[in-house]
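Worksheet: one structure, shown below.
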Amino acid sequence: MAFRGWRPPPPPLLLLLLWVTGQAAPVAGLGSDAELQIERRFVPDECPRTVRSGDFVRYHYVGTFPDGQKFDSSYDRDSTFNVFVGKGQLITGMDQALVGMCVNERRFVKIPPKLAYGNEGVSGVIPPNSVLHFDVLLMDIWNSEDQVQIHTYFKPPSCPRTIQVSDFVRYHYNGTFLDGTLFDSSHNRMKTYDTYVGIGWLIPGMDKGLLGMCVGEKRIITIPPFLAYGEDGDGKDIPGQASLVFDVALLDLHNPKDSISIENKVVPENCERISQSGDFLRYHYNGTLLDGTLFDSSYSRNRTFDTYIGQGYVIPGMDEGLLGVCIGEKRRIVVPPHLGYGEEGRGNIPGSAVLVFDIHVIDFHNPSDSISITSHYKPPDCSVLSKKGDYLKYHYNASLLDGTLLDSTWNLGKTYNIVLGSGQVVLGMDMGLREMCVGEKRTVIIPPHLGYGEAGVDGEVPGSAVLVFDIELLELVAGLPEGYMFIWNGEVSPNLFEEIDKDGNGEVLLEEFSEYIHAQVASGKGKLAPGFDAELIVKNMFTNQDRNGDGKVTAEEFKLKDQEAKHDEL
């Protein structure tokens, strides 16, 4: 509401209450019918202003003779009577009777003939020497010297910025006349009024009345008609010469020249790396409007918001605001609408809304990242280093970059055991355990593409999470050469088949084969690959020798590894 379109008022129209022939006679005589009588039938509790000579008023009235016969009424015309007081535009009695009235005050006025139409009357309407009774209700009052009146009844404790010329604002309002009659309300439309200030988009009084407001401030702006819709009104709901009262609550404020603003809330003391364009971030946020209204929160979904930055995956203001953050940092990012969701808005975000994001950076990485290894302790003798195929026993604590503990073997009371290079752990962990000696302690940081990827582990590891493992290697059993599951520690007997075939029937069954291999391992003559199921290894070795798959191995089928490279047995 409050569009431009006023013009200076023309000379007042003179209706019935003008004198007919010159000035009224001076006040004289005594008695109830000889003097002006005023009865104040209703006076409002609040009366910030009363009518003075020179003021312009709008009022309703009913005019009757002493016997009750009506001769005129503004209500019949469905329009107030609008006139200056004390400038000779009214009969003298009415000029005097209106002085001192409050808006919404009701007066019953008895005007003697000498202060009305005298001994001439008004032909066909008011007989000569008539006493006139007027029931008057004052609707509006203003003066040509008036300016916009501002009353602030709430101002937030913090007011970092106020409305300036050319700012764009979003506000709610109730628009009433001075008598309290509502003519318009943004609340009824459940939508703010959005406009530029000070560039002619509003009536002059509202342009002036909004200047200096803070977001969250509430003020009452009273505007005289010559700074509003003037003599003609708006042609719909606002009559001519009406003073307007706007009860305004400012929700939002920005300037088209604004960029984002950043307020650092918490910055970790140790910040080894800051985010750059192309990084992938995981962060929590609360998204609010400038007035504090929450429109979205990652916390309510119990899941971080995960995205690349600097590549257009998020609104431009967030793309910029997330650059240069540390892991664990908390900051507030204020995004003007032209760097947010623009004039259209999105979902429950209104158009032209300034957005406030309170973010907490959980982690970030770059797709080009490899693992990071920091060794905290190495024993004096650290000559035997882990390699592919070795069997390792180690303890670990697994956490996210923000310190959230995911898992711990210490809490479980047992080590984690793997064969290095066998695919038993994620690739980043496999890489991080290499070239480590027994007793060494190290921290391994694993980016998600070398960890559990975008999917994570349901209920355990978030998707796209960087993982931190604090590791202590407790035991290392050297593995076998690549491709071997069993090796001899010494010379191989030339009569190997005969030694396995104890019953000498020319064929070896699985039971005989398994018993022999385990005996060689027990005596130290042979070695099975550590970390694997021994029975499965032996069975696999036997199956490889059983060429025709009949469940037994003959001398013709039996061959050593170096005799046929494609098999991993013996």
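In case you wondered, yes, glycine gets a Cβ from its N, Cα and C as well.
According to Swiss-Prot, the feature signal peptide maps to 1-24.
Taken from Swiss-Prot, the feature domain 'PPIase FKBP-type 1' applies to 54-142.
Note on the domain 'PPIase FKBP-type 2' (166-254): mean pLDDT across this stretch is 97. Among the features that Swiss-Prot reports, domain 'PPIase FKBP-type 2' is placed at 166-254.
Under the heading N-linked glycosylation site, Swiss-Prot lists ASN174 (among others). Spatially close to ASN174 (N-linked glycosylation site) yet at least six residues away along the chain are LEU182, ASP184, SER185, SER186, HIS187, PHE246, ASP247, judged by Cβ distances under 8 angstroms.
The domain 'PPIase FKBP-type 3' annotation in Swiss-Prot covers 278-365.
Secondary structure at ASN286 (N-linked glycosylation site), as computed by DSSP, is strand. Annotation comment: Swiss-Prot describes ASN286 (among others) as N-linked glycosylation site.
Annotation for ASN302 (N-linked glycosylation site): no spatial neighbours, criterion Cβ-Cβ under 8 Å with sequence separation of six or more. Annotated N-linked glycosylation site per Swiss-Prot: ASN302 (among others), in sequence order.
Positions annotated as domain 'PPIase FKBP-type 4' by Swiss-Prot, on the basis of sequence analysis: 389-477.
Around the Cβ of ASN397 (N-linked glycosylation site), 17 further Cβ atoms fall within 10 Å across all displayed protein chains. If you look up Swiss-Prot, you'll see ASN397 (among others) marked as N-linked glycosylation site, on the strength of experimental evidence.
The domain 'EF-hand 1' feature in Swiss-Prot is assigned to 488-523; the stated evidence is sequence analysis.
Sequence-distant contacts (6 or more apart, same chain, Cβ under 8 Å) of GLU512 (Ca(2+) 1 binding site) comprise ILE500, ASP501, LYS502, ASP503. Look at Swiss-Prot and you will find ASP501, ASP503, ASN505, GLU507, GLU512 tagged as Ca(2+) 1 binding site, backed by a curator's inference.
Look at Swiss-Prot and you will find 533-568 tagged as domain 'EF-hand 2'.
Here Swiss-Prot flags ASP546, ASN548, ASP550, LYS552, GLU557 as Ca(2+) 2 binding site. Cβ environment of ASP546 (Ca(2+) 2 binding site): LYS552, VAL553, GLU557 lie under 8 Å away, each six or more residues apart in the same chain.
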## Note on the structure
DSSP assigns the residues of the domain 'PPIase FKBP-type 4' (389-477) as 13 helix, 37 strand, 39 coil
#### Entry: Inter-residue Cα distance where the pair is ASP550 (Ca(2+) 2 binding site) and ASN286 (N-linked glycosylation site), in Å
69
### Query
Across all chains shown, how many C-beta atoms besides its own are within 10 angstroms of the C-beta of GLU507 (Ca(2+) 1 binding site)?
16
## Note on the structure
DSSP puts the residues of the domain 'PPIase FKBP-type 1' (54-142) at 13 helix, 37 strand, 39 coil
## Note on the structure
ASP546 (Ca(2+) 2 binding site) falls, by three-state DSSP, under coil
### Task
Give the sequence-ordered set of same-chain residues, not counting ASP546, ASN548, ASP550, LYS552, GLU557, with Cβ within 8 Å of the centre of the Cβ atoms defining the Ca(2+) 2 site.
GLU507, GLN545, ARG547, GLY549, GLY551, VAL553, THR554
#### Entry: Cα-to-Cα gap, GLU507 (Ca(2+) 1 binding site) vs ASN397 (N-linked glycosylation site), nearest whole Å
52
